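Structure first, then comments.
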Amino acid sequence: MTFIMVVKMRTELDVDVWEPHNDAPVLRTKCSAHTPGPWTRLRMRAWAPTSGCDKQAGRQPPSSLGERTLPWRPVAAGTHGCPRKGPTMAGLLHLVLLSTALGGLLRPAGSVFLPRDQAHRVLQRARRANSFLEEVKQGNLERECLEEACSLEEAREVFEDAERTDEFWSKYKDGDQCEGHPCLNQGHCKDGIGDYTCTCAEGFEGKNCEFSTREICSLDNGGCDQFCREERSEVRCSCAHGYVLGDDSKSCVSTERFPCGKFTQGRSRRWAIHTNEDALDASELEHYDPADLSPTESSLDLLGLNRTEPSAGEDGSQVVRIVGGRDCAEGECPWQALLVNEENEGFCGGTILNEFYVLTAAHCLHQAKRFTVRVGDRNTEQEEGNEMAHEVEMTVKHSRFVKETYDFDIAVLRLKTPIRFRRNVAPACLPEKDWAEATLMTQKTGIVSGFGRTHEKGRLSSTLKMLEVPYVDRSTCKLSSSFTITPNMFCAGYDTQPEDACQGDSGGPHVTRFKDTYFVTGIVSWGEGCARKGKFGVYTKVSNFLKWIDKIMKARAGAAGSRSHSEAPATWTVPPPLPL
């Protein structure tokens, strides 16, 4: 049988082997100018046997019986021409060996790319053989655990250290559980088998170091019932006037029968006498021209804002009520005060601060020459037995109030006779400045109350109303208004929902609840209409004036001794505290 082999790459090598009938097997090699490279394709074709040197005689071999392609690298080139005749043992041996080797490589023709499993067998990594006295030598990590699976004992032989072994084994067994950085607040993660362990930084605890062990005011108010302050990395709790710290230094316990900021629905409270702080000298106050008490028309009135001026309803009576909201239940709005003019008509609201002082808006003082302050009213047309009217002894308007913009729109009224706290009559609490801005004004909502209109031209209602209004982001507040929103103002209300404070509510309270205690956070000041779409209510920011208010209330004793005895109430102003 004859074998014809053809090799092709950059060069070509033909190897013809045939077996004539009457001649010994011969090997003929024909080489081109260049020897093939290391990766040469060898193509074999099998032919039927012929006689003599067929190729040299010019006879073409018969049709091929088969063709195979296999990798082959020849060692050396042969000679040209027909070889010599004559059988030799070496020739027969070479023919047998060559036929056997090439026959084992023959495969059906197919793609030049091997399947994945065959390729992996070709590129298999040679494993290191066990050496002499393998078990007495130090373990090899590559041999023991990377080339093949290892046990914990084999890994321990490699590291010869329990801690390093455990660290390696936890990752080797099921992957690195710390890969996602599960430990928070700068905690250190240690991988384990199917789990991880966090070593927390100082001040934190929990599975992922998510809980703070340090008390900070920004986290649950430091555990304080009311005011919270951080001093020397510690939380200091304190309480509003009328409360003292409990034994736990966190809770606030009332010392008065009717403490500030609490509803008055039939609660019994432990109470005690609370002494007032030392008063300031009245010389720290400066007189204000009483002529400013006369009604004036501001530029905002001319623009049609109708901020607080009462207007007539269908029956010619005053229209004063909150837009939307609901009626204040018994004891729900005990800090509400109502300013009533000489015609016995309510025109502004106020907030009871203590038995002598009421907080209101500065622009309200321009709406009546003389007025009284009524407390305990829930319905101006019905007597419930808790209503009381108090004459005003002194009014204190902020010296920097601007009638054109309503900036610094704040005033304090001192009453001639003290308010007697009872059902439906109690003060709201004054907060601390930093705590108010960090805690109270970051709450979702506050509560506004008053006897204002139901809408811009609503019907008369004598019922005290309350409305929960959300705080509005300052940038949104500024964009919504056609007028300047100063740092002494903030917005609250709804942009689409028809609920808002309205005319007649000005000067009234905006309070914010914290742990069932209500603190003064704003004064109803102005707005562009009432409950208009895309518009909000604008309030005086009380936290900017807490020092100013405190200074006035502390100076009441001296001011009372030197007050004017004129028919109209004396009006004072005090310089604003610096900084605000």
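For all residues, glycine too, the Cβ spot is worked out from N, Cα and C.
Taken from TrEMBL, the feature region 'Disordered' covers 50-70.
The domain 'Gla' annotation in TrEMBL covers 128-174.
The predicted model assigns the domain 'EGF-like' (174-210) a mean pLDDT of 83. Annotation comment: TrEMBL describes 174-210 as domain 'EGF-like'.
Reduced to three states, the DSSP call for Cys200 (disulfide bond) is coil. Of all Cβ atoms in the shown protein chains, 21 besides its own fall within 10 Å of the Cβ of Cys200 (disulfide bond). For Cys200-Cys209, the entry in TrEMBL reads disulfide bond.
Residues or ranges marked as domain 'Peptidase S1' by TrEMBL: 322-554.
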* Asked: What three-state secondary structure does DSSP assign to Cys209 (disulfide bond)?
  -> coil
* **Tertiary neighbours of Cys209 (disulfide bond) (same chain, Cβ under 8 Å, six or more apart)** => Cys183, Leu184, Asn185, Gln186, Gly187, Cys198, Cys200, Ala201
